[in-house]
Number of protein chains: 2
Amino acid sequence: MLSDIEIAQQTTLAPIETVAEKLEISKESVELYGKFKAKITLPEDKKAPLGKLILVTSINPTPAGEGKTTVSIGLADGLKKIHKNAVLALREPSLGPVMGLKGGATGGGYSQVLPMEEINLHFTGDIHAITTANNALSALIDNHIHQGNELGIDPQQIIWKRSLDLNDRALRHTVIGLGNKAQGVPREEGFDISVASEIMAVVCLARDLSDLKSRLAKIVIGYTYESQPVTVHDLQVEGALALLLKEAMKPNLVQTMEQTPAFIHGGPFANIAHGCNSVVATKAALRLGEYAVTEAGFGADLGAEKFLDIKVPNLEKAPDVVVVVATVRALKMHGGLASDQLENINLSALEKGFANLKKHVQNMQKYQLPVVVAINEFATDQTSELSLLQKLCQKIGVKAIRSSAWAEGGMGAKDLAQTVVDTINQQKADYKRLYQDYLPLEDKIKKVACEIYGAREVSFETNARKQLKEFEKNGWDQLPICIAKTQYSLSDNANLLGVPDDFVLTVREIVPKMGAGFLVVLTGNILTMPGLPKYPAALNMDIDVNGNASGLF
Amino acid sequence: MLSDIEIAQQTTLAPIETVAEKLEISKESVELYGKFKAKITLPEDKKAPLGKLILVTSINPTPAGEGKTTVSIGLADGLKKIHKNAVLALREPSLGPVMGLKGGATGGGYSQVLPMEEINLHFTGDIHAITTANNALSALIDNHIHQGNELGIDPQQIIWKRSLDLNDRALRHTVIGLGNKAQGVPREEGFDISVASEIMAVVCLARDLSDLKSRLAKIVIGYTYESQPVTVHDLQVEGALALLLKEAMKPNLVQTMEQTPAFIHGGPFANIAHGCNSVVATKAALRLGEYAVTEAGFGADLGAEKFLDIKVPNLEKAPDVVVVVATVRALKMHGGLASDQLENINLSALEKGFANLKKHVQNMQKYQLPVVVAINEFATDQTSELSLLQKLCQKIGVKAIRSSAWAEGGMGAKDLAQTVVDTINQQKADYKRLYQDYLPLEDKIKKVACEIYGAREVSFETNARKQLKEFEKNGWDQLPICIAKTQYSLSDNANLLGVPDDFVLTVREIVPKMGAGFLVVLTGNILTMPGLPKYPAALNMDIDVNGNASGLF
């Protein structure tokens with residue numbers, strides 16, 4: 001069997017100008033980055049009609065694999081097969097996981113976005129620009145303190161962290177500014193992976209350069225000795241940061257293996273951030289495509305909830321349908337099977353695990369959106385399992401369509417595409433937010449925890465309870481919330497698969513992300529700087545004398 | 001008077017494809033990065049005739065300014081004015097100084113390379129790729145130790161440092177790996193600015209991808225508990241690092257304000273590295289131009305010496321002429337004037353300061369190369385000063401030509417261009433290295449210190465003397481040397497202007513750069529991570545709603 005990168009390297013791509021031309025993007029709006037990538041600047045056109053928005057999400061991920069990106073890509077290619085003009089809007093991969101465990105993050109098999117080496121490595125430099133802006137801000141903060149500290153920033157109350165787009169556990173907890181008086185002021189510091197930087201969230205939610213600058217200005221970097229918030233605007237560097245992010249704000253156009261256009265732009269974490277590609281990219285896809293296919297990170301409890309409660313108000317357009325991806329293998333794990341038993345037929349485990357899918361489908365229906373289930377097929381799936389899963393879905397009133405896009409590309413997702421189109425035509429989406437921003441902060445947290453995760457109640461640790469009051473005092477409580485929780489369970493305990501009930505969600509800390517425009521609510525211990533495994537993917541990566549890559553899965 | 005960025009923004013650029021076309025670069029060899037930047041991959045062609053190589057260097061820099069880059073750009077534009085096909089090969093600017101004190105680093109006035117905002121900010125991402133490869137290696141080292149440390153790397157003897165392309169003094173001395181057993185192994189660490197990374201030097205000296213990989217493999221990252229060197233090859237990650245640097249190896253094509261083609265590629269420090277643009281870029285300029293104009297960092301004692309003793313053997317082509325840039329103002333400072341007295345005529349200070357220029361001219365002649373002096377004119381220069389300087393040069397047998405390229409572009413450097421061409425035609429360059437690599441390490445250091453810097457002798461601190469023996473034992477002593485010394489003086493004391501005599505150069509430490517292929521000899525305290533000033537340039541930077549930059553000088 002060919003590896004993803006081998007399949008990718010066998011594929012003939014269209015020059016990206018041709019892809020742009022077919023979308024009727026004017027030549028002036030296209031900036032090429034090599035032959036197969038481009039940055040696009042669409043002129044403002046308020047009257048442009050928008051396409052239909054398809055949001056792809058999934059059950060809680062398991063080690064068995066769900067393939068949400070693969071299904072998204074396959075679905076867009078499938079729409080093309082039934083003669084619809086579809087445009088993808090996806091996240092750009094972080095280098096950390098690419099070098100670490102995961103290899104590429106550009107789909108798989110015959111449903112990939114290309115050129116996969118370049119998208120997975122530096123792409124058009126967006127994340128590097130974000131890393132640079134993030135760390136320039138850090139350097140400016142420490143320099144401000146070193147040069148007299150006019151603002152009275154308390155080195156022990158700085159919440160802005162440095163970042164690198166790598167998996168590097170040794171940078172989680174550090175001390176900087178050591179040496180002597182000339183080497184800065186000593187303080188504790190930590191590094192996050194760049195995609196966890198608030199600047200990533202800001203770039204992904206900003207409508208345009210002016211919105212970008214005003215969001216950057218609002219970022220709270222820490223507190224004074226009197227515990228008053230200090231913002232980027234206090235440091236007067238929002239202009240410099242916006243300048244560093246100028247190119248990163250432009251969405252990137254690439255293509256699938258079947259030459260379907262794909263915007264790949266922005267990639268914030270789906271726990272401490274909102275987990276979906278940029279507003280500008282999704283808007284571009286909506287303006288250029290009859291159907292825009294987009295994806296939300298992790299499972300529907302994290303990614304889709306945040307898409308619907310955080311991104312949609314900024315996008316000013318809600319999904320017309322939600323596609324929930326599930327696999328027979330993963331549902332069997334949710335039903336209690338161990339990962340080495342997934343090859344065997346086990347209908348009762350499947351039926352038990354179905355509860356996880358059902359909960360996510362019902363959650364999406366709370367937003368008054370039509371839902372379609374996509375079954376991402378694996379070679380080991382048994383017909384009896386596939387038809388049981390379809391029957392179970394039918395019982396709860398949703399269609400479950402098999403997709404073999406991984407093995408067959410768009411042809412394998414034709415049925416799924418047709419069902420999605422029919423659903424959009426037949427069922428009216430009547431998007432309703434889960435909560436209004438003016439609800440008390442505590443109530444907003446309870447609403448998501450109880451209604452989406454299924455928690456019995458929410459408990460606030462002492463510090464978090466104190467913060468509820470402080471945030472109210474600062475006038476920060478009117479923002480939407482972004483709960484950081486494990487992706488592996490509906491609860492805050494990664495080991496509870498299926499549909500945990502009778503659990504209490506514990507809130508540890510609340511972090512203001514005033515630039516992004518949401519409050520991060522931390523439950524459990526969320527790693528914002530991953531580590532490398534014993535044998536990192538990097539050990540297998542290589543390049544030959546002609547510049548051909550290998551080892552990128 | 002218009003600022004550099006205002007002049008730049010008023011200039012009409014040719015599409016970069018047109019610039020490439022005029023150089024007869026085939027369409028397949030051009031990868032566009034936006035409308036005005038491109039990466040070029042020239043097919044190997046051993047028989048292609050090479051153009052003439054013009055190396056631009058200068059006296060020791062002073063706060064008065066020399067304008068080496070401005071003269072280089074003006075000279076290339078001047079060659080075009082006299083109907084010669086000239087191509088520039090320059091370094092790419094580091095973001096640290098741009099955000100800090102210096103603003104842009106792309107020439108000035110009417111001699112600039114463009115688009116200056118993009119070249120000064122992220123350009124085509126080369127330095128970001130180098131930063132990423134540098135820090136990926138760090139993460140892999142710390143992960144190796146954390147995961148069992150099979151190679152027995154001693155955390156106290158790691159010489160590989162992390163890097164960021166920023167001025168950030170607080171990162172000079174840090175402790176990482178704090179927290180607990182899961183957060184890595186605690187150790188001391190420091191960050192360098194990315195342009196000081198050995199990977200920058202490797203990219204700039206590598207001939208091609210295969211040379212790149214073999215150089216990366218040889219990098220020594222530290223020592224085992226038994227004090228045996230540990231290389232990148234021992235960690236098995238040269239393939240991954242080379243893959244990360246694939247695009248960064250391709251030279252970048254841009255243009256001057258007068259549409260003269262310019263390769264801007266690579267920018268290593270000129271103290272702890274060799275201080276000139278990449279071998280591949282200079283080679284490209286030599287293959288495409290009748291005349292290739294290139295520049296070496298800092299003064300001729302550092303930049304040109306390293307160009308001639310380190311880069312030329314890798315380039316396999318020596319300069320046909322050396323242009324030494326001087327200004328009346330700077331020579332008056334070398335003659336003892338304070339910076340607030342430079343506006344007044346002072347012929348005796350000029351004559352005294354001329355000694356610095358004379359020493360650099362004579363140094364270049366030791367390599368058996370023809371020399372031309374370029375006088376970079378300032379508005380405050382007096383005719384009597386300019387003619388005195390020309391007379392002094394005449395006395396030592398070199399022509400000194402005035403350049404007003406800053407104010408007038410190529411027209412202001414026509415005479416300089418004509419003189420350079422005449423000199424190449426009339427005087428034979430017969431390049432001879434200052435030392436052979438097989439000389440004992442101590443002798444090589446003495447040779448540069450005494451013959452180029454004018455030191456009376458060299459003293460080795462205890463540790464350095466120990467290293468002389470260790471390096472011999474490791475077989476590392478056969479490499480060329482790269483002395484890190486202040487740029488402001490011929491000596492290792494920044495305050496000694498003019499031509500210091502009777503000084504002893506003190507060697508503190510020797511650092512193996514086995515990938516770059518040279519040994520860094522540290523004298524004095526060389527900062528490899530700059531700091532920001534009290535009012536960093538970043539405070540003035542901004543961007544308007546249409547994406548126009550300001551504050552980049």
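Heads up, the Cβ atoms here are built off N, Cα and C, so glycines get one too.
Quick look at what TrEMBL lists:
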- A:THR62, A:PRO63, A:ALA64, A:GLY65, A:GLU66, A:GLY67, A:LYS68, A:THR69: ATP binding site (BINDING)
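In the three-state DSSP scheme, A:THR62 (ATP binding site) falls into the coil class. Secondary structure from DSSP puts A:GLY67 (ATP binding site) in coil. Listed in sequence order, A:ARG329, A:ALA330, A:MET333, A:HIS334, A:SER339, A:TYR488, A:LEU497 are the same-chain residues at least 6 apart in sequence whose CB falls under 8 Å from the CB of A:THR62 (ATP binding site).
The highest number of surrounding Cβ atoms within 10 Å, among the binding-site residues A:PRO63, A:GLY65, A:GLY67, is found at A:GLY67.
Neighbour list (A:LYS68 (ATP binding site), Cβ cut-off 8 Å, at least 6 residues apart, same chain): A:VAL56, A:THR57, A:SER58, A:GLU295, A:VAL325. Shown in sequence order, A:LEU90, A:ALA105, A:THR106, A:GLY107, A:GLY108, A:GLU295 are the residues of the chain, 6+ apart in sequence, with a C-beta less than 8 angstroms from the C-beta of A:THR69 (ATP binding site).
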